[in-house]
Amino acid sequence: MEATLMVLHLLLILVMGFSVESQLQTGFYSSSCPKAEAIIRATVESHFKMDPTIAAGLLRLHFHDCFVQGCDGSVLIIGPSAERNAPQNLGLRGFEVIDDAKSQLESLCPGVVSCADILALAARDAVDLVKNASSLLRNDVILNSNQRVYIFGNLFQSDGPSWSVPTGRRDGRISLSSQATSLPSPLESITAQRQKFAAKGLDDHDLVTLVGAHTIGQTECRFIKYRLYNFTATGNSDPTIKQSFLAQLQAVCPKDGDGLNRIALDRDSQNKFDVSYFKNVRDGNGVLESDQRLWDDAATRNIVQKYGGTFRGLLGFRFDFEFPKAMVQMSSIEVKTGTQGEIRKVCSKFN
């Protein structure tokens, strides 16, 4: 009897999960606010033109939103005890982009488009803009040298993924900094990270794939200095860092510096959404400790190898295919739909 009840309980959870996810749909605002996605895209593009690094900020903002209270815009709330004040959310960027888009949408379609959806769409658009920017740069350079090489590159070199974003999320009414402990930390073991991803319905493949977003990210020296000068309180550097790369990191992040210098998480192509990040991990050039630890675990190492291997690493097709799938799955975590939550008038405060 107890076993039967347990099976029924698990089935109920699955049915509820499918029911919520099925309420998200591509083109949710096609009738209620037809210009919604175009306005969000244009807004992200205008900010991207002023500061291309905002792309990584928007992607990280969406990730941090989804891991606390689900993808409900709770990270956007301002308040003394709100999520965005948690230590784990230190350095989050891109709030002004979401506020800008929301302001325009409220003028056109008041009370229709959720902040959670704006954030999910903005993250996708940010990646797409990086892709387009790197494509234009590559084409300009190659066209000036050899037309035949340009054609080959255009056919076979992938510039990064894009995807359709199912929408229909509603905004949450809870935002607590104390709940940010559910966010994976760069200081945690792979086992701890795996548990946090699993709690959100994501597996090892999703973990490695989503962390691949670090291909366009940056961090501040203060978050890695311990790896460079006092790893595990020994006074030495992290032995997993390749020695030639260690010298580069120490040059950017001096021991007596204030720790505010920024460093790319992908040393080879921080302006491209490609697979070089995985090659860096493979070669001992991971910047964050959590990045390099992907190589220490047999399961995650296998996935890194598949992305960073010679053939797939050269073309990047596999990552382009897998990253959108992982993003769609992540952006469906514990979403509020139907009559749940609310549609905020201002993204930084509850109605």
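Note: Cβ is positioned from N, Cα and C throughout, glycine not excepted.
Of the cysteines Cys71, Cys109, Cys115, only one is given by TrEMBL as the disulfide partner of Cys33: Cys109. Record source TrEMBL places Cys347 in a disulfide bond whose other cysteine, from Cys66, Cys71, Cys115, is Cys115. Record source TrEMBL places Cys66 in a disulfide bond whose other cysteine, from Cys71, Cys221, is Cys71.
Residues near Asp266 (Ca(2+) 2 binding site) in space but far in sequence (CB under 8 A, at least 6 apart, same chain), listed by position: His214, Thr215, Ile216, Gly217, Ser276, Tyr277, Asn280. One way to see the shell of the Ca(2+) 2 site is to take the Cβ centroid of Thr215, Asp266, Asp274; the remaining same-chain residues with a Cβ within 8 Å of it are Gly212, His214, Ile216, Asp268, Ser269, Gln270, Lys272, Phe273, Val275, Ser276, Tyr277. Its Cβ taken as reference, His64 (active site, proton acceptor) is surrounded by 21 other Cβ atoms within 10 Å in the chains shown. Cα of Asp274 (Ca(2+) 2 binding site) to Cα of Arg60 (site 'Transition state stabilizer'): a distance of 17 Å. For Cys33 (disulfide bond), the nearest of the disulfide-bonded residues Cys66, Cys71, Cys115, Cys253 in terms of C-alpha separation is Cys115. In this view, Asp274 (Ca(2+) 2 binding site) is surrounded by 27 other Cβ atoms within 10 Å of its Cβ, with every protein chain counted.
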